[in-house]
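Chemist: Residues annotated as oxalate binding site in TrEMBL: D:N89, D:N99, D:H104, D:E109. Annotation source TrEMBL lists Mn(2+) binding site at D:H102, D:H104, D:E109, D:H148. Per TrEMBL, disulfide bond is recorded for D:C25-D:C40. For D:54-202, the entry in TrEMBL reads domain 'Cupin type-1'.
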There are 6 protein chains.
Amino acid sequence: MAGCPLITTFGIVELVPDNCIQDFCVANLNSSISVNGFPCKPDAEVTSHDFFFDGFSKEGNTTNVFGSRVTPGNVLTFPGLNTLGISMNRVDFAPGGLNPPHSHPRASETGVVIQGKLLVGFITTGNVYHSKVLTAGQMFVVPKGLVHFQLNVGEGKAHAFTAFNSHLPGAAVLPLNLFASAPAIPNGVLTKAFQVEDDVINAIKSKFGS
Amino acid sequence: MAGCPLITTFGIVELVPDNCIQDFCVANLNSSISVNGFPCKPDAEVTSHDFFFDGFSKEGNTTNVFGSRVTPGNVLTFPGLNTLGISMNRVDFAPGGLNPPHSHPRASETGVVIQGKLLVGFITTGNVYHSKVLTAGQMFVVPKGLVHFQLNVGEGKAHAFTAFNSHLPGAAVLPLNLFASAPAIPNGVLTKAFQVEDDVINAIKSKFGS
Amino acid sequence: MAGCPLITTFGIVELVPDNCIQDFCVANLNSSISVNGFPCKPDAEVTSHDFFFDGFSKEGNTTNVFGSRVTPGNVLTFPGLNTLGISMNRVDFAPGGLNPPHSHPRASETGVVIQGKLLVGFITTGNVYHSKVLTAGQMFVVPKGLVHFQLNVGEGKAHAFTAFNSHLPGAAVLPLNLFASAPAIPNGVLTKAFQVEDDVINAIKSKFGS
Amino acid sequence: MAGCPLITTFGIVELVPDNCIQDFCVANLNSSISVNGFPCKPDAEVTSHDFFFDGFSKEGNTTNVFGSRVTPGNVLTFPGLNTLGISMNRVDFAPGGLNPPHSHPRASETGVVIQGKLLVGFITTGNVYHSKVLTAGQMFVVPKGLVHFQLNVGEGKAHAFTAFNSHLPGAAVLPLNLFASAPAIPNGVLTKAFQVEDDVINAIKSKFGS
Amino acid sequence: MAGCPLITTFGIVELVPDNCIQDFCVANLNSSISVNGFPCKPDAEVTSHDFFFDGFSKEGNTTNVFGSRVTPGNVLTFPGLNTLGISMNRVDFAPGGLNPPHSHPRASETGVVIQGKLLVGFITTGNVYHSKVLTAGQMFVVPKGLVHFQLNVGEGKAHAFTAFNSHLPGAAVLPLNLFASAPAIPNGVLTKAFQVEDDVINAIKSKFGS
Amino acid sequence: MAGCPLITTFGIVELVPDNCIQDFCVANLNSSISVNGFPCKPDAEVTSHDFFFDGFSKEGNTTNVFGSRVTPGNVLTFPGLNTLGISMNRVDFAPGGLNPPHSHPRASETGVVIQGKLLVGFITTGNVYHSKVLTAGQMFVVPKGLVHFQLNVGEGKAHAFTAFNSHLPGAAVLPLNLFASAPAIPNGVLTKAFQVEDDVINAIKSKFGS
């Protein structure tokens, strides 16, 4: 960027290049400087391609212990979302697949089922569980930061699109947070928290390779 | 609401009803009091049904001058979204249908094409036009407040789901804002703005019944 | 409130009563109207007592399965905090007591140990565990929405004061959210999430009276 | 308000009355309910008059100890500003008049001198004083919450328009806050703060009628 | 910047230079790094001049198709406004001059007429048009993101000062956005949107040199 | 940082290093680039030590004119707080010590007395003074931007912990802002503001070494 030209709000002879308008800030994921969010690509390098994303065309690979897969359309995969406060995910489910209990530290979530039959549930901070079985065209909401999950309760595959009011909502996936962190949470914390013996904790940890 | 019980963060003997936690505020659309957003339904009346919405299951009726239809999943139709800063729309297009140029005063937008072939475009405040033809599974973003549209350029019907970081993004639909307001914008403003004669303005207004 | 008098910013003859200034909005916890946050007490009823809170003088009762107790100084107990975006807790620990893994959906947290020796830990969304054993006068931070806990690893009692950038941060206490909700989360979700059999889930649920 | 009609984003046959759109929330200053900001006037009572304000046409009365007068165009005088996060003031100065040192707890400020010659100054939290003498057409900025003042250093009258990014920025006017509060701040606080004897504090208080 | 000295909140022997206080962040418009907003000038280079702006002293040149001129006092011309969430414009009008229909994607707007007679209008998302003819000393508000304009309906010149709650509100100027973008919006979009034939669209485009 | 790896929300084989998750942004206080807040430490250099702070273990030195000392636990001393919107201070008081009248431009404040007996007071923008004498375990709140102070009214030493909803709340310490700035505020401003003669102003200034 070679400095910002003076921009008057209108005036036909003064149409300026698309710099310094700050309508957007396409993420430069490889900047030498790290900030909250990402620095912007230089204006001269921004093109229309930066505002479109092709990652949702293919079904996600659900061959894993949970039988589900999140394909994120967030700032890390779709840099044009940087600073705009919004993102989407595609979530695919094998029959019986589970998007395990997790919370998003930085966003509320909505979603719409496109295919299949999903049990969608969340738990309030008052420990009330709200849930419903949804089919194609039905929408749900999960308030910011609450623990929630989706389970494929239909016969076949399922998928949904979800939306978040953050360019990078993050996810604290509870089984992994608690039993597969590096380094591991001491067993003494987990046995007291869940009122079980060491062997139960060790068994769960082993399932996640810890 | 008969007052808020004291809630300690945990303690098994103290599981409390789901009131006063303020994880959410399901809109009471019929309150006698009007605030920015909506007052909340009394806690005692909130049920799981408040967090799910069934309005996207059916194709919208596209029989109108634009050949498109927006079915909103915002706070007015899905009261559970109130104060959560997020909403979604289903947008249906007849062949050749247009979601006409508009801007959302209170939200950035993302969207994913589910069926068909859409030309998706937006214009920056620097008057640069960014666009792409998208097919199923492709995603777009429109930065907050910018003018944008979608046009069905495929052979058949099309539909998309869009998401917004507001529970009620609003839409300034430009043809209606400019040519179909009540009362009407004086012709003198529009002729000077678009550098045309009165007859052109009158002709456009007449198309929108004004 | 009988309407707002016109207030000029200064002028000695115009000192006005403390209404309509909106420096604060002391919560009316018993209002017939529910909003996001709470309606304000009428100005005429606000006194200096509304800005001070006496709830932290006594040690909390730690006789429960976790051996800890959170005494909240949030909007529900200290209504003067309403809309000000800040609150504090006192957390007491018996020897070996645990403030079990939880996340706050609406706040980052800091805390300072006043007495005793606490293992303080949190887990990132990338499943990295950060922890340290802290003694009196040491401070910690937990980024917004991340799972964290504190464990008394000293010989005697311990207590800390914590602070939050919300008047009601909420807490998703994971053992209770997952195993003690009402209604209960179906076992099928939990067995798949933690890769255990029904009997393990049932055993944990029974410990929490579910 | 008798409930919110369903609004589709466009569709010519569906032009709806101006309710439930929530583009604005004109303050109801006489509501029986008090919230942070103000409840909204019922939609049916909103008219174009709500978006215009006539209070700046007349010079303010500067006959007071400071020789200046702030005429506020904030939510209390111009209810249409409610929730929109912006307001303006007209400030008039007699020759030698001072808008005394004050800070706005809820806004940054800009201003432009319309008539006369003003010394405009602010002090950073690092105790650095920034100032300049401004004449008609010159603009200044005061960062949020910093102490600042304007002094008429010209021969005649002066006036300026200021703008704030809050509908009710508030003003802690330091001479009045410190020496004219009700009840009074104890002398022991003020003598220690300013390193003077009681008689100096009493003398200042007496000038402000305390 | 050579690192941040430790700053205690007060203590006379510790008056520090004006760095690291972050009361402000004067824009460095020529930084090699681009972020949302602008990086800050190094503290050592900040002077009082950074907080004052001289651009409003002269009448803007209104010799253009619209007969009006916006002189911006935003972060691009007045770098001291960076990150402070506020800016102002001077708007000049020739007799009959129009500030054409536009919306600000990132700000609400207020304004005060200084000279002349202006028709000020905006249109809600519900397509209701609110307007009034204003003279010197009268103030208006335009809610965030709504389409609005000002037309000089007096005999002579006119000018106003406007204020925005953003350091760079941006403006989607509708005639230019729709008919003068680069590249051009396809005629098929515009003919369908405005229900006119190609020749009308081409005629308008030609007026704006497209 | 060598670019951001693609992160899927979960999937055991894909546990990634702790980069690009943006749960936090530990301040790099020595960056060559200055932004609002601070750039982040490179991910590879972040360790658990970044989330803990040891500065509150020792009593602050209260040997100064005010007889008090603020030890800040903000982003400048505890870089892990950067961008998280929260910080704490330890405040120590000699007998009779005063934390002089000041306001925080960027935060509301709460605090809890740990030892001793403090008179805690604040003044509203309507010039109403709210105060109380607090002892150990009692909590107070000061709404954002209001002038406040604490005075040790007990026999011995006192100390408190305070919390702020900003990583760097700043403090406009009024005696220093008004009488010890560099350069000095002209006497003409201060004599008019406080309605005293030059000699009083000069005497106060001299106490603060100006």
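Including glycine, each Cβ sits where the backbone N, Cα and C put it.
Please go over these features one by one and say how buried each is and what sits next to it.
Modeler: In sequence order, D:V141, D:V142, D:H148, D:T162, D:A163, D:F164, D:P169 make up the list of same-chain residues 6 or more apart from D:E109 (oxalate binding site) whose Cβ falls under 8 Å from its Cβ.
D:H148 (Mn(2+) binding site): 23 other CB atoms within 10 A of its CB, across all protein chains.
All protein chains considered, the CB of D:C40 (disulfide bond) has 23 other CB atoms within 10 Å. Secondary structure at D:C40 (disulfide bond), taken from DSSP and collapsed to helix, strand or coil, is strand.
When pLDDT values are averaged over the domain 'Cupin type-1' (D:54-202), the model yields 97.
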Chemist: What subset of the recorded positions D:C40, D:N99, D:H104, D:E109 has a Cβ sitting under 8 Å from a Cβ of chain B?
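Modeler: Filtering D:C40, D:N99, D:H104, D:E109 for a Cβ under 8 Å from chain B leaves D:C40.
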Chemist: Residues near the Mn(2+) site, D:H102, D:H104, D:E109, D:H148 excluded, by Cβ within 8 Å of the Cβ center?
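Modeler: So the additional residues around the site are D:S103, D:A107, D:F122, D:V142, D:L146, D:V147, D:P169, D:A171.
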Chemist: For D:H102 (Mn(2+) binding site), which residues of its chain lie six or more apart in sequence with Cβ-Cβ distance below 8 Å?
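Modeler: Within the chain, D:H102 (Mn(2+) binding site) has Cβ neighbours under 8 Å at D:V147, D:H148, D:F149, D:A171, D:A172, D:V173, D:L174.
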Chemist: Name the recorded positions, out of D:C25, D:N99, D:H102, D:H104, D:E109, that lie close to chain F, meaning a Cβ-Cβ distance under 8 Å, keeping sequence order and answering 'none' if none do.
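Modeler: Correct list, in sequence order: D:H104.
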Chemist: Given a separation of at least six residues and a C-beta threshold under 8 Å, show me what packs close to D:N89 (oxalate binding site) in the same chain.
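Modeler: Same-chain residues close to D:N89 (oxalate binding site) (Cβ under 8 Å, separated by 6 or more) are D:V70, D:T71, D:P72, D:G73, D:N74, D:F161, D:T162, D:F164.
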Chemist: Using Cβ atoms only, which of the recorded positions D:C25, D:N89, D:E109 are under 8 Å from chain C?
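Modeler: Only D:N89 pass the 8 Å Cβ test.
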Chemist: Can you name the binding-site residues among D:N99, D:H102, D:E109 whose Cβ is less than 8 Å from some Cβ in chain E?
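Modeler: Only D:E109 pass the 8 Å Cβ test.
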Chemist: Between D:N99 (oxalate binding site) and D:C25 (disulfide bond), what C-alpha distance do you get in Å?
Modeler: 31
Chemist: On the DSSP side of things, how many residues of the domain 'Cupin type-1' (D:54-202) fall into helix, strand and coil, could you say?
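Modeler: The breakdown for the domain 'Cupin type-1' (D:54-202) reads 22 helix, 61 strand, 66 coil.
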Chemist: Between D:H104 (oxalate binding site) and D:C25 (disulfide bond), how many Å separate their Cα atoms?
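Modeler: With the alpha carbons as reference points, the distance is 23 Å.
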